[in-house]
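A.B. asks: Starting off with a structure, shown below.
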Amino acid sequence: MAALRAAKQALRREIKGRVAAVSDQEKLRQSRVVSQKLFRHPKYLSSQRVAVFLNMHDEVRTHDILQDIFKRGKACFIPRYFTQSSHMDMLRLRDMEEVKMLPLTSWNIQQPADDDCDREEALATGGLDLILMPGLGFDKKGNRLGRGKGFYDTYLERCRTHPKGKPYTIALAFKEQLCAEVPVGEHDILIDEVLYEDEE
């Protein structure tokens, strides 16, 4: 376990360095390419209940994706992380106005406040069809390197016990986040697909 943790930490440092060297303009350009790929994706088009992250600075920009989800009339859910644990809920957002009103956490992420109890939680109702996932690194086999808190792995385990079952998972990535191989342990859940700008 200690060796795996060390390997993950070393890879996190390496990827953070690679992504930090990418200009904001290039991050935005790649984000638009990834968004356009998503908008043509059959799984996205057929999904009615979609979870998407509100990006941090080193992640694919999701503003256009949020707008598209609302425009198409899909149900949109975003994460609320509980920073003292690995627990996360996916809470319903109704429109872009609600996005703008969300408070910032100490991690500089917008999310519904802890005492915001009126929002629908995806697993308390109809489950999810699709989760668009962040992460630090990915390989082409679907292995994901997160930030080490286990939020998404824990949430996907909860999804498996929902009547709807595990949703399809698509990671959104800059090409600088792609690795030859991500070191994984038994609790790391494979993702179905990684979307990034490839040499098409």
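Cβ from N, Cα, C; glycine included.
Remember, TrEMBL labels are computer predictions, not curated facts.
The ATP binding site annotation in TrEMBL covers K8, Q9, A10, L11, R12, R144, L145, G146, R147, G148, K149, G150, F151, Y152. Per TrEMBL, the feature substrate binding site maps to L54, E59.
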A.B. asks: Counting every protein chain present, what is the number of Cβ atoms, excluding its own, within 10 Å of the Cβ of R12 (ATP binding site)?
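C.D. replies: If we count other Cβ atoms within 10 Å of R12 (ATP binding site), we arrive at 16.
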A.B. asks: Can you give me the Cα-Cα distance between F151 (ATP binding site) and E59 (substrate binding site) in Å, rounded to a whole number?
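C.D. replies: Cα-Cα, rounded: 16 Å.
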A.B. asks: At a 10 Å cut-off from the C-beta of R147 (ATP binding site), count the other C-beta atoms across all protein chains.
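C.D. replies: Excluding its own Cβ, the number within 10 Å is 15.
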A.B. asks: Rounded to the nearest angstrom, how far is the Cα of L145 (ATP binding site) from the Cα of E59 (substrate binding site)?
C.D. replies: 13
A.B. asks: Just the number: how many Å between the Cα atoms of R147 (ATP binding site) and L54 (substrate binding site)?
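C.D. replies: Taking the Cα atoms only, R147 (ATP binding site) lies 15 Å from L54 (substrate binding site).
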A.B. asks: Is it possible to get the count of other C-beta atoms within 10 angstroms of the C-beta of K149 (ATP binding site)?
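C.D. replies: Counting Cβ neighbours of K149 (ATP binding site) within 10 Å gives 15.
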A.B. asks: Round to a whole number and give the Cα-to-Cα distance in Å for the pair K8 (ATP binding site) and L54 (substrate binding site).
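C.D. replies: Answer for this pair: 24 Å between alpha carbons.
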A.B. asks: Just to confirm: which same-chain residues, 6+ apart in sequence, have a Cβ under 8 Å from the Cβ of A10 (ATP binding site)?
C.D. replies: none
A.B. asks: Which whole-number value in Å describes the distance between the Cα atoms of K149 (ATP binding site) and L54 (substrate binding site)?
C.D. replies: 17
A.B. asks: Just going by other Cβ atoms within 10 Å, which of the binding-site residues L54, L145 has the emptiest spot?
C.D. replies: L54
